[in-house]
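Mind looking over this structure? Questions follow.
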């Protein structure tokens with residue numbers, strides 16, 4: 001059973017029903033194997049609209065469903081997350097930040113377990129701030145690091161600090177990089193991703209409501225991050241990597257950079273340019289899925 005989801009929780013075996021509250025789903029009310037048993041690829045990203053756009057895109061790429069088809073939100077009973085499905089692909093929103101994606105992942109991993117899914121690949125697609133890269137570059141994460149550049153997630157459980165690994169699947173990373181080379185449409189690199197607890201001070205911005213450091217200190221910090229191998233900054237990758245590792249799931253993070261943080265803090269590219277940037281991780285992961293399914 002090595003390729004099945006591994007649950008690190010013996011208490012779940014004693015429960016008559018498992019309610020996935022933030023998905024508005026439950027084992028007592030839904031037939032998980034029938035609904036989700038064929039899932040092989042799960043793509044997660046911050047906003048519901050982006051994940052709906054992805055499921056529409058991948059459906060067209062794979063020739064699934066009819067043109068112009070509207071895909072219903074499986075989690076319509078809640079406003080916390082959105083979930084869409086076509087064929088063997090599940091697309092789920094996770095909100096912003098470690099707490100939000102952590103809650104979603106607990107319930108997603110249990111969903112896949114109850115559905116008896118196997119050989120699952122989970123990929124986070126999103127946006128990020130780049131370091132030393134042209135805006136629009138795509139970063140495939142080698143490992144997620146914290147704000148001190150350590151490849152770990154530090155979490156307090158029952159009052160005790162727990163350290164968890166944040167490495168991502170090396171083979172999957174290489175396969176995604178090869179896919180980008182085959183597409184040949186945009187710059188893609190493999191690098192470390194810094195995951196922070198905050199968008200402003202935590203990422204060294206000068207434009208928040210509070211800032212008690214100067215521009216020189218900010219630039220030195222970002223240069224130190226670059227020297228350590230960091231190529232982009234976001235707010236979800238560490239817990240994503242840690243939880244997928246513990247659950248025995250192949251995982252990757254693919255984020256486009258919307259700006260070079262060495263040159264500024266605010267995103268000022270035109271809207272249509274940003275829209276095209278945000279489609280790049282979708283294109284890369286879509287191509288990877290097509291190739292994996294033998295449809296390239």
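Backbone N, Cα and C atoms are what each Cβ position is placed from, and that goes for glycine too.
Take a look at what TrEMBL says about it:
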{"type": "DOMAIN", "residues": "40-289", "note": "domain 'Nucleoside phosphorylase'"}
{"type": "BINDING", "residues": "80, 124, 125, 126, 127", "note": "phosphate binding site"}
{"type": "BINDING", "residues": "203, 205", "note": "substrate binding site"}
Would you mind reading off the Cα separation of residue 203 (substrate binding site) from residue 127 (phosphate binding site), to the nearest angstrom?
14
Roughly how many angstrom lie between the C-alpha atoms of residue 125 (phosphate binding site) and residue 205 (substrate binding site)?
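Distance between the two Cα atoms comes out at 23 Å.
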Could you tell me which of these binding-site residues, 80, 124, has the fewest other Cβ atoms within 10 Å of its Cβ?
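Fewest other Cβ atoms within 10 Å, among the binding-site residues 80, 124, is found for 80.
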If you draw a 10 Å sphere around the Cβ of residue 126 (phosphate binding site), how many other Cβ atoms fall inside it, taking every protein chain shown into account?
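Step by step: centre on the Cβ of residue 126 (phosphate binding site), count other Cβ atoms within 10 Å, giving 22.
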Whole-number Å distance between the CA of residue 124 (phosphate binding site) and the CA of residue 205 (substrate binding site)?
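About 24 Å separate the Cα atoms of these two residues.
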Restricting to the record's phosphate-binding residues (80, 124, 125, 126, 127), give me the longest CA-CA distance in Å as a whole number.
20
Taking only same-chain residues 6+ apart in sequence, whose CB is under 8 Å from that of residue 127 (phosphate binding site), what do you get?
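Result: 46, 234, 255, 256, 257, 258, 277, 278.
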Where residue 205 (substrate binding site) and residue 80 (phosphate binding site) are concerned, what is their Cα separation in Å, rounded?
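Cα-Cα distance, residue 205 (substrate binding site) to residue 80 (phosphate binding site): 28 Å.
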When you measure from the Cβ of residue 125 (phosphate binding site), how many other Cβ atoms are you left with inside 10 Å?
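Summing over all protein chains shown, residue 125 (phosphate binding site) has 26 other Cβ atoms within 10 Å.
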State the mean pLDDT for the domain 'Nucleoside phosphorylase' (40-289).
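Averaging the confidence scores along the domain 'Nucleoside phosphorylase' (40-289) gives 97.
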At a 10 Å cut-off from the C-beta of residue 205 (substrate binding site), count the other C-beta atoms across all protein chains.
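For residue 205 (substrate binding site), the 10 Å Cβ neighbour count is 17.
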